[in-house]
Structure formats: structure tokens, C-alpha cells
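As C-alpha cells, the structure follows; a few thoughts come after it.
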Amino acid sequence: MKPSVYDRTHEEWVTWMKEMGEPAFRADQVMDWLYKKRVDSFDEMSNLSKRVRESLHEAFRLDPLETLTVQESRDGTVKFLFQLHDHHAIETVIMQHNYGNSVCVTTQVGCRVGCTFCASTLGGLKRDLTTGEVVAQVLAAQKYLDRKGGSRVNSVVIMGIGEPFENYDATLSFIRVINDTHGLNIGQRHITVSTSGIVPSIYKFADEGLQVVLAISLHAPNQELRRKLMPVSRRYPLEELLEACQTYSEKTGRRLTYEYALIGGKNDQDEHAHELGQLLVGSGALVNLIPVNFVPERNYTRTSRNQIFRFQKIVESYKVNATIRREHGSDIDAACGQLRAKHMDEEEKNVPTDS
Ligand code: SAH
Ligand code: SF4
């Protein structure tokens, strides 16, 4: 199968144009057609010669993602279920904030990391997404907004299905394409990549010369509990993870965000809040507290509102900033992987446990 036009970074377009005997600015033109004018065919690229258009047509696919379902929430959240060419389903979400629209993208079909609270890992990893398949999600979201009145995608969070740092190269090229001024021009400070803590990739990412926000899925204030909830912590223990995070913020000058899903009775007690405060005191990091999303395959319960606020207060008593994440699309299947999990054949699911 031909590669997708959305796979290529600006630099790669320049190389391709050179090979065609064309000047470098043709790369700007192609990207402008794809990402600014958002055309659906090569024929519409009217400032390129017929020869170049035909060569593009021969070398690349220009096909949008196929939409299976679109759910629109009362709070403005929009959730897409897309189908890939090999029939796998993936999810993409648009969230409305007072500062604009953010889009949450998927990087893998499934996930092999196996966090016990997560629907995305049910059934394991099917395959990595290509750069183009991740880019196409943001483009599809932008085209949806174009049809609804024209607001812009302001920020992107790489927090959908999959572990982006287990699909490192595609994630990196994706960031470069959406950040490019001829691409969707989304500022690096408006791009967040969330990882369960793949330590070697955090070090590598720190050396890419980017200003992207790094979010770490922490979910426990100590190694003993973390390894139960997140098997990845057996490979990369908490202490090593925090060292890598420190390096990332020193090298990039960006402060980190730690995601902490509150799971009733597991990690949401006062003692956990104290431990979390002590762990992050003086780090300058931000803690994002997330009431755990209900996943039907799990028997986890949610933390009461009172306890969530209490937890936040305790963490903040250590001068660590803690916010409670507003829920988006609670009337639709908005938790990561839920829509896809529902779509998947029950037989495929293989539920990991936390013991
Ligand atoms: N694999 C990456 C990014 C995708 S998961 C990571 O783990 O960071 C995006 C976020 O959703 C992570 O912080 C993850 O821990 C969280 N998450 C997964 N399942 C959840 C659930 N049931 N409730 C709340 N948050 C959940
Ligand atoms: Fe994978 Fe992230 Fe889900 Fe863990 S939380 S299983 S790393 S998608």
C-alpha cells in the first residue's frame, strides 16, 4: 500500500521535491494545501504542475480516516470512532475549554503496558499507528470544527489509546508535522505528551530540543503501590522515573504534570496524599487529580467529592500545585478506550488484574 501524504514532515517533503527536480518551496505549497486549505484531492493543488500532481498521486494516498461514529456531548465534547484501513477502530476526542479546543489523539491500536484501571489495554496491543494516522486524527477534528463554524484546534494532547513512547518515532514526527508553520501550526507549548513512564524514551525526548509539555501517569505515591497498579513500574521503578523527569525539566525548562487517577480505597486515602506531597515537594510540578473513569471490566469505585477536595488540600499543604480535572463528556463514553472497548468483540478482551 502507498504511504499516506500525512506521514511526511516538512523536511521530508523538501527531500521529495528535490528528488523530483523541484524547488524547496514546493514543500511549503503541498503542506499548505493539506493543512491550511485542507483539500481532499491532489487535483485541487492548483499551483503545482500537472506533472508534480500526477507524481504525488502515484506515490501517495490522500485519504481521510473513515468515521464510524461521532458522539456529541452536551458540554461540547466530541468523540470520534475512526476505522483504519485494516478495520481497527481508534478514538479521537475534541474538548472545549475556555482557552479553545484541544484534541486528544490515539497513538496505538490498543496498548501492551497493562495498567489495571485502563480500558485501552484490554486485548493488548494490535499495532502501532503510523505518523499519518495520528496526524489525520487532528485534521479530521479540525475539518469537523471547520464545518461547525470554523474555530481552530489550539492544543493537542497525546493521551488517547496507546503509549506514545512505545511508538516513539511516529509520535515525534507527528509532533513535528502539527507544529510546523506549514502544518497545523500548533505551538509546542500547546502540545502535551502523556507517558506511563518509559524511562529511556524520556531521556531521549529531553534531547530532541522541543518545548513540549510532558505529563507522567503517576497514579501512586510509592513504588510498592505503583507496581501493583502499573506493571510498567516493575521495568522502570518510581525512583528512576523521577530522575528522568528531573532531567527533562532541567533540559527543556518545562515543568512537568503528574496525572493521578483517584481510585476508591486504592490510592485515594489521606496517607497517600501526604506521601504524594512529600514525593513532589519542591519539584515545581503540577499534579492533575482525575476521578477514575468507570470501566465496566473493572470493579474499581470512585472517590467521593469530599475526599477528592481533601486529597487536593493535603497535597497543596506541601506547596505542590494540584488541580482537579474537569470531566469532559460524562454523558458519552469519554474515558480513554471505552468507545473502542465497547466496539471490540468481547472475546478479544483479556482483563489484567492488580495483584
Ligand atoms: N499511555 C499514556 C497515554 C494514554 S493514557 C499514559 O498512560 O500516560 C492517558 C491518561 O488516561 C493516563 O494518565 C492514564 O493513566 C489515564 N487513564 C487510563 N485509564 C483511566 C481511567 N479508567 N480513569 C482515569 N484515567 C485513566
Ligand atoms: Fe497503556 Fe496508558 Fe492505558 Fe497504561 S494508561 S494501559 S500506558 S494507555
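Yeah, the Cβs are placed from backbone N, Cα and C, and that goes for glycine too.
Keep in mind that TrEMBL annotations are predicted by a computer and have not been checked by a curator.
Features reported for this protein in TrEMBL:
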type     : residues                                               : note
ACT_SITE : Glu91                                                  : active site, proton acceptor
DOMAIN   : 97-331                                                 : domain 'Radical SAM core'
BINDING  : Cys111, Cys115, Cys118                                 : [4Fe-4S] cluster binding site
BINDING  : Gly162, Glu163, Ser194, Ser217, Leu218, His219, Asn293 : S-adenosyl-L-methionine binding site
ACT_SITE : Cys336                                                 : active site, S-methylcysteine intermediate
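For Cys118 ([4Fe-4S] cluster binding site), the nearest neighbour among the listed recorded positions (Glu91, Gly162, Ser194), judged by C-alpha distance, is Gly162. For Asn293 (S-adenosyl-L-methionine binding site), the nearest of the recorded positions by C-alpha distance turns out to be Cys115; the candidates were Glu91, Cys111, Cys115. Sequence-distant neighbours of Gly162 (S-adenosyl-L-methionine binding site) (same chain, 6+ residues apart, CB-CB distance under 8 A): Thr106, Thr107, Gln108, Val109, Gly110, Cys111, Ser120, Leu125, Asp128, Leu129. For Glu91 (active site, proton acceptor), the nearest neighbour among the listed binding-site residues (Cys115, Glu163, Leu218, His219), judged by C-alpha distance, is Glu163. Spatially close to Glu163 (S-adenosyl-L-methionine binding site) yet at least six residues away along the chain are Thr107, Gln108, Cys111, Arg112, Val113, Thr195, Ser196, Ile198, judged by Cβ distances under 8 angstroms. Taking every pair among Gly162, Glu163, Ser194, Ser217, Leu218, His219, Asn293, the residues listed as contacting S-adenosyl-L-methionine, the largest Cα to Cα separation comes to 18 Å. Only Cys118, Glu163, of the binding-site residues Cys118, Glu163, Asn293, place a Cβ under 6 Å from an atom of ligand 2.
Considering only the binding-site residues Cys111, Cys115, Cys118, Leu218, the Cβ with the fewest other Cβ atoms within 10 Å is that of Cys115. Under the DSSP three-state reduction, Cys115 ([4Fe-4S] cluster binding site) is assigned to coil, being neither helix nor strand. Among the recorded positions Glu91, Ser194, Leu218, the residues whose Cβ sits under 6 Å from any atom of ligand 1 are Ser194. Across the binding-site residues listed here (Ser194, Ser217, Asn293), the residue whose Cβ sits among the most other Cβ atoms within 10 Å is Ser217. Following the DSSP three-state reduction, the secondary structure of Ser217 (S-adenosyl-L-methionine binding site) is strand.
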